[in-house]
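Asker: Sharing the feature lines straight out of TrEMBL:
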type	residues	note
ACT_SITE	His43	active site, proton donor
ACT_SITE	His124	active site, proton acceptor
MOTIF	43-46	motif 'HXTX 1'
MOTIF	124-127	motif 'HXTX 2'
Amino acid sequence: MATEDTLRLFFALPCPPEQAAAICSWRDRHALGGRPVALENLHLTLAFLGAQPAARLDALRHLATGVTSDSFELTLNRLITLGKGFACLAPGEAPPALLQLAGSLAERLGALGIVLDSRPYLPHMTLARQAPTQAHGAAATFGWKAERFVLYRSQNTADGVRYSELGSWPLRSAAAPD
Ligand code: ATP
Ligand code: MG
């Protein structure tokens, strides 16, 4: 639990607003049920840090600055259910650069003594919680070029969970051809 001296943190890829609108519109037409995730909250988690001392923020920003992963095309076209009814969009196949980015963050966080979930990294974007039916199969295809990653603070508010950006770092563009 996050207190005043601790912040609940995670690194993630933000979902650009245009794609978020298309995804929410598709989700709402497909009546997945459960509690829908707010449009502005759509994201793909790279590393969930949990409650961290606020005094650690500088070190986390420094860590993120050292990440040198490449930008990549992200394509989400599978509908899956995780855990207790988390209806999610997922890539059919995770781009190698996405796994490299999540792996690089995990390794650098480990060096700071921050241990992540022991389950293997499974890229997904949660669309709804407590969805009543299990869904597995093809979804419409959504995608964008992931060109940055973000450190978010997660806070519970009277209006539901709210994420705020504490930092954003670019992913490297592929070198221009000669
Ligand atoms: P709430 O828990 O208040 O319903 P939330 O799940 O959106 O809202 P957080 O629990 O702060 O907010 O989680 C932020 C992000 O990190 C979400 O994408 C969530 O799925 C992911 N996450 C949370 N716990 C873990 C974990 N143990 N391992 C990996 N990812 C996690
Ligand atoms: Mg949660």
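Placement of Cβ uses the backbone N, Cα and C atoms for every residue, glycine included.
Please treat TrEMBL annotations as automatic predictions, because they have not gone through curation.
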Asker: What residues, ordered by sequence, lie under 8 A Cβ-to-Cβ from His43 (active site, proton donor) and sit at least six positions away in the same chain?
Answerer: Ala12, Leu13, Pro14, Cys15, Met125, Val150, Tyr152, Tyr163
Asker: Check His124 (active site, proton acceptor) against DSSP and tell me helix, strand or coil, would you?
Answerer: coil
Asker: Cβ under 8 Å to the motif 'HXTX 1' (43-46), counting only same-chain residues 6 or more beyond its ends: which ones?
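Answerer: Here the qualifying positions are 10-15, 74, 101-102, 105, 123-125, 149-150, 152, 163.
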Asker: Across all the protein chains here, work out how many other Cβ atoms are within 10 Å of the Cβ of His124 (active site, proton acceptor).
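Answerer: A 10 Å sphere around the Cβ of His124 (active site, proton acceptor) contains 19 other Cβ atoms.
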Asker: Mean pLDDT for the motif 'HXTX 1' (43-46), as a whole number?
Answerer: 98
Asker: Across the motif 'HXTX 1' (43-46), what are the DSSP residue counts per state (helix, strand, coil)?
Answerer: 0 helix, 4 strand, 0 coil
